[in-house]
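Lifted from TrEMBL, the feature list:
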type	residues	note
REPEAT	156-216	repeat 'Cys-rich GLG1'
REPEAT	285-344	repeat 'Cys-rich GLG1'
REPEAT	346-408	repeat 'Cys-rich GLG1'
REPEAT	480-539	repeat 'Cys-rich GLG1'
REPEAT	600-659	repeat 'Cys-rich GLG1'
REPEAT	667-724	repeat 'Cys-rich GLG1'
REPEAT	725-783	repeat 'Cys-rich GLG1'
REPEAT	850-913	repeat 'Cys-rich GLG1'
SIGNAL	1-25	signal peptide
TRANSMEM	1017-1040	transmembrane segment
Amino acid sequence: MANCRRVPLLEIFYCSLLFFLHVESESLIAKLANNADKFTIQGKGPGARSAGWKLSEEAVCREDLSRLCPKHSWNNNLAVLECLQDKKEDTEIATECNHLLWNYKLNLTTDPKFESVAVEVCKMTIPEDVHSQGEVIACLEKGLVREAEEKHGAHHIRDECKKSIMRVAELSSDDFHLDRYLYFACREDRERFCENTLAGEGRVYKCLFNHKFEEAMSERCREALTTRQKLIAQDYKVSYSLAKACKSDLRKYRCNVDANMSRARDTRLSYLLLCLEAAVHRGRVVSGECQGEMMDYRRMLMEDFSLSPEIVLQCRTEIEDHCSGLHRKGRTLHCLMRVGRGDMGAIEPNCQKALQTLIQEADPGADYRIDRALNEACESVIQTACKHIRNGDPMILSCLMEHLYTEKMVEDCEHRLLELQYFIARDWKLDPILYKKCQGDAGRLCHTRGWNDTNEVMPPGAIFSCLYRHAYRSVEQGRRLSRDCKVEVQRILHQRALDVKLDPELQRRCMTDLGKWCSEKTEAGQELECLQDRLEDLVSDCRDVVGNLTELESEDIQIEALLMRACEPVIQTYCHEVADNQINSGDLMECLIQNKHQKEMNEKCAVGVTHFQLIQIKDFRFSYKFKTACKEDVLKLCPNIKKKVDVVICLSTTVRNDTLQEGKEQRVSIKCRKQLRVEEVEMSEDIRLEPELYDSCKQDISQLCQNVAFGNAQVIECLKENKHQLTSRCHQKIFKLQEVEMVDPELDYQLIRVCKHMIRRFCTESEGKNVLQCLKQNKNSELMDPKCKQMITKRQITQSTDYRLNPVLKKACKADIPKFCQSILNKAPTDNELEGQVISCLKLKYADQRLSPDCEDQIRVILQESALDYRLDPQLQMHCTEEISNFCSDEAAAQEQTGQVEECLKINLLKIKHEACRKEVLNMLKESKADIFVDPVLHTACALDIKHHCAAIQPGRGRQMSCLMEALQDKRVRLQPECKKRLQDRIDMWSYAAKVAPAEGFLDLASQVMTSPSKNYILTVICAAVTLLFLMGLFCGRFTKRVTQELKDR
């Protein structure tokens, strides 16, 4: 047979096949006809027939011939054969006549005289050794295939010859015995694989096709079967069973009556499949027998790439470079698909196009079993994960996609699935469920045509983009998808989010950026996350498509299939109602954010939710609920601002300014203000959601908080606790943040989180801005949670460092601060704490009783709080650090602070060497004169005595302290021993304080007198002294006046 390849096949085809059909040369026809009529016909009738024998003369066929064939064809045996061969599919022919025809066809292709005719006609071109059983025909058929594949050395064959050789193959299509070369090549294989298969109607052919890639199949038989399959691919009529089963459907759906189409294309298997598949996808009825045959040949095309001439021709380089040696069971085709995905290098556009065409012809999306490689690789996954779906249902592929990257998926199935889905994703029609639900919408909105029609204006890859643009339109925008179609579009979006290569538009526009920024991101879902992280660095086209996809995700986060899987426990526990209702309004993501720190939250889900939050800050459109609620407000009040953080700041500032200007109407709408609050709270949860703050503190975080996890505002809390070690820039940002949080405690994420239950218990009626004030008032309640109490103390310590962090104090002392503490303000830094200097200044003025009533009330509260916990007095803590460590370490280490550290410092006043610390302790003593509540130890010891002896006296301005001192001096009053002892200690301390800290001026002296417990006594003495001086003045004045008068009289 090797020599056959050297034969100029044009001559062989042209000459030998003239034997069968009409040709131009009448002399050659006569010669062939004369020889043909001399052939011996072996049949049931008489043994040998004489020269000039005619089929029309046989009695067994005469009735059928008269009924079916025109009379002018009766003299030509071949014309009669063609007529009866064609008609027997539509009508029944006598058994004896069928047998006669079969024998005639058998002898026609096997008798040596046939080959002698071909050799005589083509004696200059056919080698002498090509004359065995059926090898001439086989040689000619292979030549036809080689020309179709444009192989090296192939000869051009004229159309008439092509038609003739295909007719020969067609005539032998019903019984494999008639293809003598294949019969002898496959005799043993037939016995091995198809022993029980009856001959006729192409059954043996189909059986052998099904076993073509079995290991036991001989190579010679496999080669002969492949040649026949290639002929079927060129003309479906070469398959008897397919042509018979689909004949009526082809006629019904006008699949072979296109006058503008050449017969070569009209009879191609691919055209038949596309035409009938289009009818099936349109919901038309195609007979079950025909659909069964179609499925067999679609599977055949997927199993053996060589049956598609376009693949062989256009993908030759890719096969040689990447896919050689993988011929069987569809492996080569899947290897080419992998190359097409870009996993194994570049692919030529023509090869890519040929692959896409083949996938459309085979249509494996309609039934995964068509793809044998996929079927075998995914069998175990289907049996476990998709066993609830009917075998062969198109939803099997969707089920496999849903289990991609899960524990049930196996690696080989994952690869085969992604390779196929890559091509299905590039033509929306290849997903049969999507096409069924959306073909009406696609025609109405995207101007599509039929299933296998092309549209240059709207290519197949662009249809899905058109559909999903309409899927998320509002009612006001109009032209929306039907509900069923929208569900399918969402399903596809969910699947495509698993791999950027499944999104044709994204891959096409972002190819450069993927290579530049994301080449190392190989895990599932990482490439899209990388593009989102690098959004500002992407080229314009890529940035647009990534932005649009992210905007869709914000509305329907279920598009993020990997995230949804990771978050399943949280969704089932906290967000199941939102997920079950499939409300595409951003509610599900909002629910996940709110429950990000629940115990059911795993690391993958938390990371995914946080990543989405970080992406949202890049553009306010990426937050669907915020965009919907505030779009008009943004356009009106914050035009040209795109970043979500900047938009939030802009709107928040507007709301704050309008609130401060009493009586002014709010410019930000109510619905936007509500959503704005949600966004502000979410941003406070993670420092990374506030880029300006994060950038300012990156260095400090790496040095001071490197072991602290992001989220739950833990990093921000760490920075607050280490504020004295922060860089200047970070310190300023943290101070500004604390200032905002103190004005609006709802933005203090840690406080709200830790004290959530206590707020519900104690502060349900308090406004958001008064939450911290309410918690402080209930801090010492027996029902207060210890963790919340600790957090409240932290915030009190923060407030004590600067009056600006205490909005209630700032408002109450608005006039007093510049009046009494201006010198401190003049030296104060703008965005750093004053370390309690202004508050200490106000405390001293409180002791002097010079503050306004509102300011006095607030300072009294601060004094009472700081008297119980030394940490609330920054000046004392700063100047007495060493003394507290030396003298009061046990008291300072106590978990519950009750004023013991202050008492310790007072007792050890004589031991304090540091002047600044001693001054602070003396100030405490001075402040305690003004109000007994400032001295918790004394107040506790004397609580009963105050109740018995001073109940009618209002607290403040030293009144109750004076009452106790008078009771101490009154011998008729018996005080509690502990109270008496503490009072005596205080008198000794005050005496010492008066010695070491004398009055610095008249005002200070007057203040000391007025705040002294012996105020009445001192005032009595002073009044007596003044009276004495007055009387002495009167007496001396009269005496001097008399002396002066006497002198004048002289």
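Every residue, even glycine, has its Cβ placed from backbone N, Cα and C.
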### Query
What is the number of residues in the repeat 'Cys-rich GLG1' (346-408) that are helix, strand and coil, as DSSP sees it?
38 helix, 0 strand, 25 coil
### Query
So, does the repeat 'Cys-rich GLG1' (480-539) come close enough to the repeat 'Cys-rich GLG1' (600-659) to give 3+ Cβ pairs below 8 Å, pairs being at least 6 apart in sequence?
yes
### Summary
Residues in the repeat 'Cys-rich GLG1' (156-216) per DSSP class, helix first, strand next, coil last, are 37 helix, 0 strand, 24 coil
### Message
Pairs 6 or more apart in sequence, C-beta under 8 angstroms, 3 or more of them: is that satisfied by the repeat 'Cys-rich GLG1' (480-539) and the repeat 'Cys-rich GLG1' (346-408)?
### Response
yes
### Summary
When pLDDT is averaged across the repeat 'Cys-rich GLG1' (346-408), the result is 92
### Message
Just to be sure I understand, if DSSP states are collapsed into helix, strand and coil, how many residues of the repeat 'Cys-rich GLG1' (285-344) fall in each?
### Response
46 helix, 1 strand, 13 coil
